[in-house]
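Annotated transmembrane segment per TrEMBL: 43-61, 82-108, 114-132, 188-208, 220-239, 246-263, in sequence order.
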């Protein structure tokens, strides 16, 4: 039974990490609705490593190209616009998210992880995503954008440390409002997620290390593998979906999700 539970947690983590609906909120709420234990911060943190590995694997060819070109010019990576953008966009979540969460971990665990907080944030995110969805499609992309755009998206990403916001949801929406092309907005969000998700998992793990020691290793590996596979599916199909569709489907879902939680308080 424990193996099945960890596989289930991995599926939810992998799918909802990249679909703009909040993975942490779904791990907690769905577990509650179907009557199994809330996985908690420690397990959520470990499963996030599966999502990071999926991102690295999915974009492996992009990284390989950078490595090959870097061998021709030792300073190539340092001067790449995209790499600098990812580094700049990661600054806010490192300083704002990481420091706050390490200093006041119980505030996030006890208050902002509550069902009421998750429901209200889900509804607020639906409004924000709607504004992004009706915004005029821009021409900014991975090759043509300003570093100020990266920093703005990075600041929005810092809100994702609060359960219910959704890292992909808030970064994609911010990019769209800033005038990004839909497909590249999603791709930049995912690339920005590599350092962000990794660092978030490390911080979560540090703050809940004692709980982590109680986890059983074999079922945890099944959960990680489940997260890896479901993350790959989510990345692949969401990039394809957003290329020709908007956020309406996810907006409706977030409204329904928030209302269902409120009705069950």
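Cβ atoms are placed via backbone N, Cα and C, with glycine included.
Bear in mind that TrEMBL entries carry predicted annotations, made automatically and left uncurated.
Computed from a predicted structure; not experimentally measured.
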Pairs 6 or more apart in sequence, C-beta under 8 angstroms, 3 or more of them: is that satisfied by the transmembrane segment (220-239) and the transmembrane segment (43-61)?
yes
Name the range, of those listed as 43-61, 188-208, 246-263, that has the largest tally of Cβ pairs under 8 Å with the transmembrane segment (114-132).
246-263
